[in-house]
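Over in TrEMBL, the protein carries these features:
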- 1-11: compositional bias 'Acidic residues' (COMPBIAS)
- 1-23: region 'Disordered' (REGION)
- 131-163: region 'Disordered' (REGION)
- 145-157: compositional bias 'Basic and acidic residues' (COMPBIAS)
- 201-300: region 'Disordered' (REGION)
- 207-219: compositional bias 'Polar residues' (COMPBIAS)
- 220-233: compositional bias 'Basic residues' (COMPBIAS)
- 254-263: compositional bias 'Polar residues' (COMPBIAS)
- 277-300: compositional bias 'Basic residues' (COMPBIAS)
Amino acid sequence: SDSGSDSEDSSLSDSELQEAFASGALKPGLNVVLEERPKRRNDTDGLKQCLAEFRQQLAWVERLDVTLGPVADPVSQSASTSDAVDPENDFQREMSFYRQAQAAVLEALPRLRKLQVPTRRPDDYFAEMAKSDQQMQKIRQKLKSKQEAMERSEKAKQLRAMRKYGKKVQVEILQRRQKEKKNMLNAVKKYQKGLSDKLDFLDEEQTSSQGNKKGSASQRTKKGPNAKRRYKNQKFGFGGKKKGSKWNTKESFNDVSSFQSKVAHNKGPGKGGRGGKGGKKALNKRPGKRARQKMKNRAR
């Protein structure tokens, strides 16, 4: 190849070149140095001669060639020349092509109609498809499957969003209920301890129960206690702390209004004092059967 020969020539050593020059293979004048690039020739006569040689004298309907300038500009009402178009301006260049094509159409259509050549496609025209019906059916099924997959994915996204929103609403409702219950229990504790004499939490419960009655039947059955339970809660309260409920407090320790000295020192009637019915007889009285049984159990 040429590239291989060039590489081989370039790889020759100086000794080989000297031997080739001595044998006469290398001669002066094989390589000519050009000081400037050759000028291009515009042989118009030769081009016209070549064009006349392969030109065929055919009718226009066989050639359908139209050579015209651009159509007149509707704004300036003048045809723009080629010198006025800037080739570097994309818009002017494309508009010149468009107007030239428009002028060719305006010239060719009347000539075709005059020669009775149809220029419009008939309404019942059927063209042969480049692809078979079986291949188009496969493409249609593939596009349909893609569309169904996109619809399923969109529905799944909507369901996930709805579940997430429903879970969020449920958590908010549970938090609100816990907060209301906590506030009500705190109010009950304050009322039981005597720190507050207001029963506003009962009114709030009644309003909440009325709001539940306005809801649906399913919500009334699932949410909140029934009427009987609400009445008992309103009457007896919600229980509370049992352990240590009888312990003395600072207020009960300082309250001596119910103190009775006679009862405290066994001086009342029937308490076994010196002047009472009891006395030594009451002290020497034999314990009952249940008391004896308890004493035996303790001794064991």
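Just so it is clear, glycine is given a Cβ too, placed from its N, Cα and C backbone atoms.
Automated prediction, rather than curation, is the source of TrEMBL annotations.
These numbers come from a predicted model, not from an experiment.
Across the compositional bias 'Polar residues' (254-263), DSSP assigns 4 helix, 0 strand, 6 coil. The DSSP breakdown of the compositional bias 'Basic and acidic residues' (145-157), given as helix, strand and coil counts, is 13 helix, 0 strand, 0 coil.
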